[in-house]
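What TrEMBL records for this protein:
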DOMAIN    13-214  domain 'YjeF N-terminal'
BINDING   61-65, 128-134, D157, A255, G316, H362, D429  (6S)-NADPHX binding site
BINDING   N62, D124, S160  K(+) binding site
DOMAIN    220-487  domain 'YjeF C-terminal'
BINDING   K399, G400, A401, G402, S403, G428  AMP binding site
Amino acid sequence: MQSLSALYDNAALRELEKRACAEPDIDDTTLMRRAGQAAWRCLLEHWPNARRIVVLAGPGNNGGDGWVLARHARDSGLDVCVVHPSSMPPRTPLAMRMAGEYADAGGRAEAFSGVLPVAEVIVDALFGIGLDRAPEGETASMIAAANAASSPILALDVPSGIDSERGAVPGVAIFAAHTIQFIAAHIGLATGAALDHVGSRSLSTLDAPAACFDGFAPKAEVAASPRFPRRARDSHKGRHGHVLAIGGEHGYGGAILIAAESALRGGAGLVSVATRAEHVAALLTRRPEAMGHAVEVAVDLQPLLEHADALALGPGLGRGEWSHGLFEAALASGKPCVVDADALNLLAAAPRPLPGAVLTPHPGEAARLLGSDTASVQRDRYAAAEAIAARYGGAVVLKGAGSVIAAPGRTSRVLAVGNPGMASGGMGDALSGVIASLLAQGAAPFEAASAGAWLHGRAGDLAARDGEAGLLAGDLIGHLRAAIAECTA
Ligand SMILES: NC(=O)C1=CN([C@@H]2O[C@H](COP(=O)(O)OP(=O)(O)OC[C@H]3O[C@@H](n4cnc5c(N)ncnc54)[C@H](OP(=O)(O)O)[C@@H]3O)[C@@H](O)[C@H]2O)[C@@H](O)CC1
Ligand SMILES: [K+]
């Protein structure tokens, strides 16, 4: 049974289409008819009162789906106009056939003249998985005109202009109210810039037989909510792990405080903090449950490392001599470790394999780890996360809309929780804390990364019920306990 959680790339979708067409009672025409009909049903479900619709039809089979929908809408008595680029009439045999059937039935179609007819719903069937470059000229104008109209847009398969494999938006792209995907969910619609364009999402499998999916692992999957066992009645703090948070250079005390508090709310039995002496009093005032230790030289870290089960290394760490010393001592301990913030920058400058670690870069830090640039990371977030995992050996959480979690030999996961209110200072420190907390409680790096990122996003969503703008890391941390409770058997 296919779901929106199993994500496929375009090669897989094309192969699935081929396999479906090899079934005795299915051919490519059947699939396109089913796609157009499923899209028509979807339109009716979302906009049952629409009387006038405009269908933007591109040259390929995505356009073909649009012509089928237009025919159904017309047969049902709606006022329908199909608009196609004047320079790009239907080009594939299937699209030509569906356009012909629509015309034979007396349907209205016109070449784009610069303005779109007025409509209550616009159907976007310009480009689907076949988009291979940024739309330009006339097609870019059609997309801009559709976005500028006040009508909601139903996108067929992919909002036109989106790279359905990578989530990137190379130029202009449709802002859909809803996107109905065909056969299987597209990996690129779950992360990055695409998220602002897809609207709500649904999937029609076009009744492709389940056997078509045999031997086909998804390229990625949407991270499911983690499951935690209920705590034993005779539990004690020694059973729930000891986190050591390391960071807080002069002038950067807030980050390490947030990481420590988040590690406590993530369920760790004990949390120690190794930081500059000036931050200890503030830490203990804010969170007396944490144990603050003034560490002025790396050697002071040794006894603390010995007692720790996992480390949160990097929040406010800085990049000076003190920072280097703590960074090297922490990694030399071989303890499970979250490497974040300045520790990622130190790692980028002195790369080494860290198989037991969880790296939590934002796109800028990811670019430094890969020796590339932020735009390249964002152009293919899956590839970037997987490349970091391959290069450094541990688990990776590439932060940003639709955070991607990767590790060598594992199917990548993408988060469907979280919200833009979380774009504020301290959120990354809170993520480090909760992942370190799970590492300390015994989770393996990939599971700690995935479960920690999910809890962080879910707590952010709970906090955002009071509004997104102005949401603070401290507000999110206040909801971690509830998020964990939701996931506890
Ligand atoms: N997979 C399945 O199982 C099923 C798939 N189905 C449907 O088929 C869709 C895939 O169809 P598709 O392969 O014909 O590609 P599609 O997205 O229509 O575009 C290709 C055309 O656009 C052109 N073109 C590309 N980029 C451009 C640009 N920026 N600017 C201008 N032109 C550009 C490109 O031209 P070219 O690059 O050759 O110049 C080519 O002509 C899929 O998304 C789904 O809706 C369903 O019907 C049934 C089941
Ligand atoms: K489309």
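Glycine is no exception: its Cβ is also placed from the backbone N, Cα and C atoms.
The structure displayed is predicted, hence computed values, not measured ones.
Location within the structure of each feature annotated in TrEMBL.
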residue	record	DSSP (3 states)
N61	(6S)-NADPHX binding site	helix
D132	(6S)-NADPHX binding site	coil
S160	K(+) binding site	coil
H362	(6S)-NADPHX binding site	coil
K399	AMP binding site	coil
G428	AMP binding site	helix
Do you see any of the binding-site residues S160, K399, G428 whose C-alpha is within 10 Å of H362 ((6S)-NADPHX binding site), and which ones?
-> K399, G428
Rounding to whole Å, the Cα atoms of D124 (K(+) binding site) and D157 ((6S)-NADPHX binding site) are apart by 9
Near-site residues: AMP, ref K399, G400, A401, G402, S403, G428, CB cutoff 8 A to centroid | H362, V397, L398, V404, L415, G418
Of N62, D124, G400, binding-site residues neighbouring ligand 2, Cβ under 6 A = N62, D124
Here the 10 Å Cβ neighbour count for G64 ((6S)-NADPHX binding site) comes out at 32
List the other residues in this chain whose Cβ sits within 8 Å of the Cβ centroid of the K(+) site residues N62, D124, S160, in sequence order.
-> L56, G58, G63, G66, A125, L126, F127, G128, A155, L156, D157, V158, P159, I174
Mind checking which of N61, N62, S160, S403 has the fewest other CB atoms within 10 A of its CB? They're the binding-site residues.
-> N61
Chain-internal residues near G402 (AMP binding site), provided their CB is under 8 angstroms and they sit 6+ positions away | G167, A190, T191, G192, A194, L195, R381, V414, L415, A416
Based on Cβ atoms within 10 Å, give me the single least packed residue among the binding-site residues G400, G428.
-> G400
Which binding-site residues, if any, among D132, H362, K399, G428 have a Cβ under 6 Å from ligand 1, given in order along the chain?
-> D132
How big is the Cα-to-Cα gap, in Å, between S160 (K(+) binding site) and A401 (AMP binding site)?
-> 20
CA-CA, which of the binding-site residues N62, A401, S403, G428 lies nearest D132 ((6S)-NADPHX binding site)?
-> N62
Of the binding-site residues listed as K399, G400, A401, G428, the one whose CA lies nearest the CA of N61 ((6S)-NADPHX binding site) | A401
